[in-house]
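Undergrad: Structure incoming, see below.
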Amino acid sequence: MIRNYTPLNRVPRLQQYRGVFYLLIAVLFIGSVNGANQLHIGGIFPIAGKGGWQGGQACMPAAKLALQDVNENPDLLPGFNLTLHSNDSECEPGLGASVMYNLLYNAPQKLMLLAGCSTVCTTVAEAAKMWNLVVLCYGASSPALSDRSRFPTLFRTHPSATVHNPTRIKLMQKFGWSRVAILQQAEEVFISTVEDLETRCKDAGIEIVTRQSFLSDPTDAVRNLRRQDARIIVGLFYVVAARRVLCEMFKQQLYGRAYVWFFIGWYEDNWYEVNLKNENISCTKEQMKMAAEGHLTTEALMWNQNNQKTISGMSSEDFRKRLNAALIAEGYDIDHNRYPEGYQEAPLAYDAVWSVALAFNKTMQRLSAQNSGKNLKDFTYTDKETANAIYAAMNSTQFLGVSGVVAFSSQGDRIALTQIEQMIDGQYYKLGYYDTQADNLTWFNKEKWDGEKVPQDRTIVRRVLRTVSLPLFICMSTISSFGILVAIALIVFNIWHRHRRVIQSSHPVCNTIMLFGVIICLVSVILLGIDGQFIDADNYPKVCQARAWILSTGFTLAYGAMFSKVWRVHRFTTKTKTDPKKKVEPWKLYTMVTGLLTVDLVILLTWQMQDPLQRRLETFPLEDPISSNDDVKIRPELEHCESHNNSVWLGVIYGFKGLILVFGLFLAYETRSIKVKQINDSRYVGMSIYNVVVLCLITAPVAMVIASQQDASFAFVALAVIFCCFLSMLLIFVPKVIEVLRHPKDKVESKFSNDTGISKEDEERYQKLISENDDLQKLIAQKEDKIRLLKQRLTERESKNPAQPFNESLNGNTVGGVQFNRSSSVALAQK
């Protein structure tokens, strides 16, 4: 097919067409003087209209050339000339019906009707059956015309518009497009085409994301395509509407590397840059060209692609030269690629006349062979038998014409190949051919895409799983592993030195239970960081269950061991009748830990059996990739462990743990200054409980708030668990380790640290001794005053009677009821 032509404003008017036509008719009538009879057919050509398809501008001259060649062929219609009577329908169905009635009711009798433009053909073909007339359409592509029950006498050399749909489906499958949109003009030909396309798309598994239609203004329809994120768009409209659509495409930025448009292939090559001012198109030629770049077209082959002789003796190139000469004679500037509308369909009109001639020739032969005395020229509109003979002859017609092989299907449709083209740098390039019947696609691999990649049929949404940062996971796992090694070392230390008084008085088994709980809690830190980057979705629920069990039981063992110690200290110091020397029985400590663990296991087991944890994905708004040339959006997703009644189960767990935490905080506060030798590390245990309670009360709500931030959530929870574990081990075991290192032998351990104190009874006895000492001090002071007075009196007496010293007379005597001597005074002072 030759492209690169531009429609010209029609220089010849309707009167000029008719003048040439009447001149041709006159020549034909002059030729009939030699005794040849005339076979008359009617022609309806759309020429001077302002809307729709005005292909009669080129198709009518092509039909004249066909009449000339048919009448000059001695093997066709011997003794007869084929005569065409025609008029302009302007592609208006009402005017077309008027032209048809004029042709039928004005002599001479017509044997067949030729028509163009789908809307006119629909009207003519639906009515022609009433006159037993066969209608041959050279320029009608409406799929509705394939309905044999509605149009029983219709044939057409123009393939149905539905012939494009299998080609479109084939291209979509070739390029991997499974999501398309449709933009159509509200005309019957396009409505029926879209219905057929929808059916084929459904069968092929292709989604039609939206179907937009418009009457004359496509603005809103094109805007809706953008809202629906349409990328592959099939456009079905006449060329005038196509220019409006193209301009709106530019305004809405629906062109370029992300979009592919399918247009109808029978537009003229430079359709997007002509008549812009006349049609009030607000875009420039450069903008129209920019928007049209890269679009695909599908069209039935209307020009024979092989340079071989056809039934007329011409090749398609010979016909082109003759047609161009005829168009130049009518005033078209063909030399500058200014072609009239319908130039592409001209071979169809040429072959339509040949189809009529061949059908009439075959009918004449059949009527002659039947010896019925009937003749084709005697046909009347009530002669159904002759009409059936013409129909049968037309139905069996097959020949090689300038438009290719001419043959008709059972629906009267033209059987033809389709051609695929793409606009590249402002020019149409053939990409391949598709044979619908053989399902054979011939592809030349000449397509060119902006960006060197096939456009996508949608914005590709890549689901990206948000996972914990690998360096963060490694860091926390390393710290946790180190903590596990420390806890194991402390277990060994605790067991190895269990006979030492400093270890024995702190209940080593209880300490070992606490260390096992610490190990389990640190293991849970590693589990908290295991997500989709390490395991698949099927195994993720198992990790969820393991997290819940390990973290909960580890907390119960570690905190429960400390809680039981504080509880026993509180009970020991608050009982009124407690033997100070009575030891704390270890089984009571273990029983409390076992009870807490049992409650934990019951809750966890019930949770897992009734409503197990599952993998739930939290999705986030679309994000742009950091660097990508593709039309890609990122859909972040985050894994969560949740069950159907997740809030209920968390409430039960948090309620139980919270109650134990608050009660433990209360006990630690109550026993903050109590020291008992039966549990020598009670103060440090209380400090550990403070630490655990505070961190848990902070961590739980904050972790729920930042749950959507995987790194922050993991780091916060992991650090809280690690800090609790390390601080508890530091407070409880470091003093013991230091004491053992300082005093390798057990003899000096009676002076162990500040935490080895006195009982409550010792405290009371101590306070009583202090009170007695104060009383004795006061008594001594009183005695000293009396002694001073006595000495003063003796001094006075000695001055009067110096014969006997007072001190000697006083020694061993009783003064004021008190036995006095020097040694007893000194002893009393010392006391």
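Here, residue 1 is simply the first one shown, and the rest follow in order.
The backbone N, Cα and C atoms fix where each Cβ goes, and this holds for glycine too.
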Undergrad: Of the ranges 248-267, 388-407, 548-567, which one does TrEMBL list as transmembrane segment?
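TA: Checked against TrEMBL: transmembrane segment maps to 548-567.
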Undergrad: Sort out the residues at least 6 away from either end of the transmembrane segment (689-708), same chain, that have Cβ-Cβ distances under 8 Å to it, and list them.
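TA: Apart from its flanks, the transmembrane segment (689-708) reaches 559, 562-563, 566, 618, 620, 638, 640, 654, 657, 661-662, 664-665, 667-668, 716-717, 720, 723-724, 727-728, 731.
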Undergrad: Please work out which recorded stretch in 470-496, 548-567, 648-669, 714-734 has the most C-beta pairs separated by under 8 angstroms from the transmembrane segment (508-528)?
TA: 548-567
Undergrad: Same chain only, please: residues at least 6 beyond the ends of the transmembrane segment (714-734) with a C-beta under 8 Å from a C-beta of the stretch. Say none if there are none.
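TA: 468, 472-473, 476, 479-480, 483, 486-487, 490, 493-494, 506, 511, 514-515, 518, 521-522, 524-525, 528-529, 551, 558, 562, 681, 684-685, 687-688, 691-692, 695-696, 698-699, 702-703, 706.
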Undergrad: Do you know the mean pLDDT across the domain 'G-protein coupled receptors family 3 profile' (479-756)?
TA: 76
